[in-house]
Structure formats: C-alpha cells, structure tokens
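Reading through the structure tokens given below for one structure.
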Amino acid sequence: MAEKRNIFLVGPMGAGKSTIGRQLAQQLNMEFYDSDQEIEKRTGADVGWVFDLEGEEGFRDREEKVINELTEKQGIVLATGGGSVKSRETRNRLSARGVVVYLETTIEKQLARTQRDKKRPLLHVETPPREVLEALANERNPLYEEIADVTIRTDDQSAKVVANQIIHMLESN
C-alpha cells in the first residue's frame, strides 16, 4: 500500500471500531481518530451527555460536521459512530474520501461487549438492550453494506488479527 489511503471503519456499537482502528493505525503508522472522542474533546463532555442535552438530531448534526472535517485529512484511520451512516451526506463523504471497512458482529457479541459500557446512550432506555440492538441492526446494516468496500466479521478475533485481515484486503485491491 504505497500511498496512504484513508480508512474509515463503520459498523454497529461493540463491533470493535475504536479498538481495531487504533491497532490498524499503529500497524500502518497512520493517525487514528474516533468521531465520538473528537466530539467529546470539542464539547468537553461525554457523548452520552451531549446526546441527552442536544437529542439525537443535535448529536447527529455535530457528528456529521466532525466526520466531514476529519475525512478531509489524508492518511488517517477513522472509527465512526454506529449511527453516523444515517446521514446521507456522511455516507457520501466516507465513500468518496477513503476505503470504507464494515466491521460486522452478532447481536450476542454486541451485548457482551457493551453491557458494562456507560457511554452508550441508545442502550440506556427502558427497552431491553437486545431489542434496541436488533432495531438498530435492521435500520443501519443496509446502510453499512451500501457504502462498504470491505466487510469483515469481528466475532472471536483479536484486534490485531482483524487489522491484519484489513491490511491484507487493502493490499490485494
């Protein structure tokens, strides 16, 4: 991979976007960004608080602006928020400005990986988490698939193994 293309990770919460993104960036000697962490840096508050204060629409507007700005950089790995693909603008920008890798996982893995995480505003509601994750999957999985250049299942694999798979796929394309 002579020229450093941007690599954008999409997928549901708990798929491993941030963990795998950091590993991938380290292995490729690229800068790593996480759209949720960027929002937290800029607001000085965690995403759950921003979500509560501004509502989902306000949060998504903020997320769209952050992703637009980050995707204009060159040679980065970006872990996007699970719901960022709801924005057509964001989907178009991700597709046009880099290689989109869809990290796929099962609902069971999502539940296991997110059960103790307090930074998941969509899971802190009255509805049981499984039902929330199933509804989100029905809504978002087609959007991830629509823009994915590469799809990789992350269940039962370490971040390093998945990062190596991504690198191999990028080198063979």
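Even glycines carry a Cβ here, placed using N, Cα and C.
Swiss-Prot annotates Asp36, Arg60, Gly82 as substrate-binding residues; of Arg130, Arg140, the candidate listed for that same site is Arg140. Across the residues the record lists as binding substrate (Asp36, Arg60, Gly82, Arg140), the two Cα atoms farthest apart are 18 Å from each other. Within 8 A of the CB centroid of the substrate site residues Asp36, Arg60, Gly82, Arg140, the other residues of that chain are Met13, Glu63, Thr80, Gly81, Gly83, Ser84, Val85, Lys86. Taking the Cα atom of each, Thr19 (ATP binding site) and Asp36 (substrate binding site) are about 13 angstrom apart.
The Cβ neighbour count for Gln157 (ATP binding site), using a 10 Å radius and every protein chain shown, is 16.
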